[in-house]
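J.: Here it is: the structure, laid out below.
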Amino acid sequence: TLVTAGVYLLIRFNMLLVDMFFFKLLLLLSSLTMFMAGISANYEFDLKKIIALSTLSQLGLMMSILSMGLPELAFFHLLTHAMFKALLFMCAGVIIHMMNDNQDIRFMGGISVYIPMTSLCLNISNLALCGIPFLSGFYSKDLILEMVSMSNLNMLIFFFYYFSTGLTMFYTIRLLMYLMVNDYNLFSMYNLYDEDYIMLKSMFLLLFMSLITGTFLMWMIFNYPYMIYISFNMKMMVIYVSLIGMIMGFMISNMKIYSLNKFLLTYNL
């Protein structure tokens with residue numbers, strides 16, 4: 001996507017910039033960007049704002065791994081992220097269009113009953129964004145986090161990386177609960193017609209790419225595989241924080257503090 005052009009420029013110029021003090025500053029700033037974008041995506045109710053903040057978080061991840069001196073890993077994550085985030089933006093555009101240009105996720109719910117193929121694409125791209133194993137986001141994200149675990153950085157950067165990964169899972173499960181699992185709340189502006197099959201053609205191509213492009217690029221762009229030798233708990237750390245984020249997102253979404261449509265609650269009378 002277009003927002004990664006600055007990351008690509010820094011990847012191209014990384015031979016000039018390596019071993020500068022600028023990279024130490026950039027590592028701190030991009031880790032803080034990743035952290036802050038992940039935090040603020042959890043408090044948004046706008047569908048486009050959630051996806052934009054998640055893109056900002058991934059951009060912070062790319063810039064920070066670039067400033068650690070691993071530009072091919074940053075490029076690898078840029079390519080895989082482009083696949084599923086483009087799919088995510090297309091699905092969100094279809095959903096907003098079918099909601100009669102309404103973006104608030106509190107007004108949506110039960111989307112998967114009415115537009116199942118779009119919901120399928122949305123869910124798979126969301127899970128690839130989380131780094132669910134063997135989707136395309138897993139390969140780049142897991143490799144990045146394991147290279148962080150191998151490097152001799154301080155505890156702050158380590159915490160920022162892993163906490164931001166957990167936050168990614170958090171707002172993704174929150175979005176999934178609001179859109180799919182919630183009841184269809186009969187909001188009067190709904191305009192759910194049949195699915196947009198012209199959009200689905202390109203969305204299925206992107207869906208296929210966001211399934212296979214992780215392994216494909218893993219074979220293609222690394223001339224030798226990375227040898228990562230760390231202990232078992234550190235190796236499993238990505239899956240631990242993803243599970244913690246998933247459970248937390250599920251629990252926070254189940255606290256009934258979000259329903260804007262109070263009309264359906266009148267049956268409690």
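Heads up, the Cβ atoms here are built off N, Cα and C, so glycines get one too.
Annotations for this protein, taken from TrEMBL, read as follows:
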type: DOMAIN; residues: 1-165; note: domain 'NADH:quinone oxidoreductase/Mrp antiporter transmembrane'
type: TRANSMEM; residues: 20-43; note: transmembrane segment
type: TRANSMEM; residues: 50-70; note: transmembrane segment
type: TRANSMEM; residues: 82-99; note: transmembrane segment
type: TRANSMEM; residues: 111-135; note: transmembrane segment
type: TRANSMEM; residues: 155-181; note: transmembrane segment
type: DOMAIN; residues: 171-264; note: domain 'NADH dehydrogenase subunit 5 C-terminal'
type: TRANSMEM; residues: 202-222; note: transmembrane segment
type: TRANSMEM; residues: 228-252; note: transmembrane segment
J.: Could you check if the transmembrane segment (20-43) is in contact with the transmembrane segment (111-135), meaning 3+ Cβ pairs under 8 Å among residue pairs at least 6 apart in sequence?
T.: no
J.: Hey, which bits of the same chain come close to the transmembrane segment (50-70), Cβ under 8 Å, at least six residues off its ends?
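T.: Sequence-distant neighbours of the transmembrane segment (50-70): 1, 3-4, 7, 10-11, 14, 18, 23-24, 26-27, 29-35, 37-38, 40-41, 44, 77-78, 81, 85, 88-89, 92, 105, 129, 141, 144, 147-148, 151, 153, 157, 160-161, 164, 167-168, 171-172, 175.
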J.: With pairs restricted to those 6 or more apart in sequence, evaluate whether the transmembrane segment (82-99) and the transmembrane segment (228-252) have 3+ C-beta pairs under 8 Å.
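T.: No, since the transmembrane segment (82-99) and the transmembrane segment (228-252) share fewer than 3 Cβ pairs closer than 8 Å, they do not count as touching.
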J.: With the transmembrane segment (155-181) as the reference, find which of 111-135, 202-222, 228-252 contributes the most Cβ pairs under 8 Å.
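T.: By Cβ pairs under 8 Å, 228-252 leads among 111-135, 202-222, 228-252.
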J.: Note the mean pLDDT of the domain 'NADH dehydrogenase subunit 5 C-terminal' (171-264), expressed as a whole number.
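T.: Mean pLDDT across the domain 'NADH dehydrogenase subunit 5 C-terminal' (171-264) comes out at 81.
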